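Take a look at the structure set out below.
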């Protein structure tokens, strides 16, 4: 069994079974799936997000593997990713409770509780009208570079997101947002993978997903080149020469994802 409790849950759950206590938490349920529940709760006026994972069974695990999908078996992936990103200086959530019980991955019970990041707006919402009403050029440049740095630092730290879309980057709005003063945090790491080094295959999947998610916000060629230069931390001439295969693949992959979105909506 693994268990880490910080305040206020260390105090609230003192003398209680934390796996029963977390199941008893009340709040707004955001997702209820077989084997996983996500909700927002409040303690002492402060918001927290709770993800509870219950064993999905060997049948579901096998079905995922047969369809080339890596199943999410518990909260450990998000816990490990959050810890690694904090070590690397990448702004993300803060976990205040984590528990894992059971060695059988098909029946394991686990949970993670993170502090709510608020007030915030995700970049998909923030940029949704950029085509019609472009943002100040300096702000757009600053945001493009900030996302590129975050994703680059994340990958160099050995973490790949697997859901690397602009909606999973939160812009903090506790004060006016400007090119010279803003904060971003990356969230929703329940599918993230953490290794000593990020394999190119998974790095490339993240980059293609990010590019796809930004296709409709009016980015120019110059914006895209700025992202590449910041992400790779190399001269553009070298990037365009050495990463030509990746860039062509990203275009094709993003186009396929975009076509699927047009056909099926958000059910990718």
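Just so you know, glycine gets a Cβ as well, placed from its N, Cα and C.
Listed features, source Swiss-Prot:
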{"type": "ACT_SITE", "residues": "163", "note": "active site"}
{"type": "MOD_RES", "residues": "30", "note": "phosphotyrosine"}
{"type": "MOD_RES", "residues": "48", "note": "phosphotyrosine"}
{"type": "MOD_RES", "residues": "98", "note": "phosphotyrosine"}
{"type": "MOD_RES", "residues": "165", "note": "phosphotyrosine"}
{"type": "MOD_RES", "residues": "211", "note": "phosphotyrosine"}
{"type": "MOD_RES", "residues": "231", "note": "phosphotyrosine"}
{"type": "MOD_RES", "residues": "258", "note": "phosphotyrosine"}
{"type": "MOD_RES", "residues": "264", "note": "phosphotyrosine"}
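With respect to residue 98 (phosphotyrosine), the closest of these modified residues in Cα terms is 30, chosen from 30, 165, 211, 231.
DSSP classifies residue 98 (phosphotyrosine) as strand under the three-state reduction.
Annotation for residue 165 (phosphotyrosine): spatial neighbours 124, 209, 210, 212, 213, criterion Cβ-Cβ under 8 Å with sequence separation of six or more. In the three-state DSSP scheme, residue 30 (phosphotyrosine) falls into the strand class. Of all the recorded positions listed here (30, 48, 163), 163 has the Cα closest to the Cα of residue 211 (phosphotyrosine). Within 10 Å of the C-beta atom of residue 98 (phosphotyrosine) sit 24 other C-beta atoms, taking all shown protein chains into account. Its Cβ taken as reference, residue 48 (phosphotyrosine) is surrounded by 19 other Cβ atoms within 10 Å in the chains shown. Following the DSSP three-state reduction, the secondary structure of residue 231 (phosphotyrosine) is helix. A Cα-Cα distance of 15 Å separates residue 258 (phosphotyrosine) from the residue listed as 'active site'. On its own chain, residue 163 (active site) has 188, 191, 209 as residues at least 6 apart in sequence with a Cβ closer than 8 Å to its own Cβ. On its own chain, residue 30 (phosphotyrosine) has 38, 39, 40 as residues at least 6 apart in sequence with a Cβ closer than 8 Å to its own Cβ. Looking at residue 231 (phosphotyrosine) and residue 48 (phosphotyrosine), their Cα atoms lie 31 Å from each other.
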